Amino acid sequence: MMKVLDVPDTIKQHGSRTLNLQLAAIGVLFGSALVLGNASFIFLSVPTVQMLKAGGPATIYVLGIALGTESAQLLQALRVLVVCFGVGIASYGDVTLNLAGLVLQLGSIVTDALRCCFLQRVLQHSQVDTTPLVTLAHVAPYSAAALVLPMAVVEGRRLVQTFDDWQPAIPAVLLSGLLAACLNFVVFKLIQLTSALTTSLSGVIKEWVCILVAMYVYGTVVTYMQWVGYSIAIAGLLWYQSGKLAAAAAAAGAKSADVAAGSCSEEKARLISSSGGSTSEGGSVSGSGSSSELKDIECGGKGS
């Protein structure tokens, strides 16, 4: 695909051993998260799995602080605790909760959170200027290896024996793989533009859709306590997102003010230079400069 789109392989060109090790770790974590997550469906219902996944942003936030991709703030921590509280209620409300499935799903959440944090470091803080498509191309082989090896050990013989039974499903599997590759590219791009935590929070809509479809298709029963807990978790996620948007707006406003102040200073320096004079500490102009023009420049917000 990179050759078709004529995308330069910046990772291969630079040949950074550290970056290749990071990409290998991301790929192995990605494959491990899929293995653990898919195995949990054997023991847990679809709504329960999706509700447990709502705790993913909290996990990413904690790991992000440890890895330096997120900053520790009391208000953000409180929002994360609200999410965890809601997920805990939803999990407790599942009368069919299985301990093995719970452990597998929690393992999947932790490994996927690590993957997202490492991926953010590669896409945003790496010395090599890489793109989501190039990064995905280097991560995919390691992910495939992490999936194929457990599959060969656990299910290899059964897949060979039942080949005639699942052979008709190969086109659907290939189509699903193509869609998954497109989804991964979008996720990589979103992490590059925002953060791993914001990307995780954006998956809330998908979780709701999965729960509703499971209820309609499989007739899965969702208890009242699960709805209450999941609603609390969603409220916490929305609260966190509103805080992120407010912080981004404040940062953009501060940046605009700095740019305006810098432009004002440059204009003032230009006038002083053109007048051949200099300013004293009080702001007056000596020489043949035009002090009236300088008075018209007010860096506090008025235009020149």
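Cβ atoms here come from the backbone N, Cα and C positions, even for glycine.
Quantities reported herein were computed from a predicted structural model and do not represent experimental measurements.
Listed as Cβ neighbours of the transmembrane segment (21-44) (distance under 8 Å, sequence separation of 6 or more from its ends, same chain) are residues 11, 52, 94, 96-98, 100-102, 104-105, 107-109, 111-112, 114-115, 118-119, 121-122, 126, 135, 138-147, 150. The transmembrane segment annotation in TrEMBL covers 21-44 (among others).
Annotation source TrEMBL lists domain 'Sugar phosphate transporter' at 23-240.
Same-chain residues lying 6 or more positions outside the transmembrane segment (99-118) and placing a CB less than 8 Å from one of its CB atoms are 22, 25-26, 29-30, 32-34, 36-37, 39-44, 48-49, 52-53, 55-56, 59-60, 63-64, 67, 69, 91, 191, 196, 199-200. Annotated transmembrane segment per TrEMBL: 99-118 (among others), in sequence order.
Per TrEMBL, the feature transmembrane segment maps to 130-149 (among others).
Residues or ranges marked as transmembrane segment in TrEMBL: 169-188 (among others). Cβ atoms under 8 Å from those of the transmembrane segment (169-188) belong to residues 119, 123, 132-133, 135-136, 140, 199 of the same chain, restricted to positions at least 6 beyond its ends.
The region 'Disordered' annotation in TrEMBL covers 272-304.
The compositional bias 'Basic and acidic residues' annotation in TrEMBL covers 293-304.
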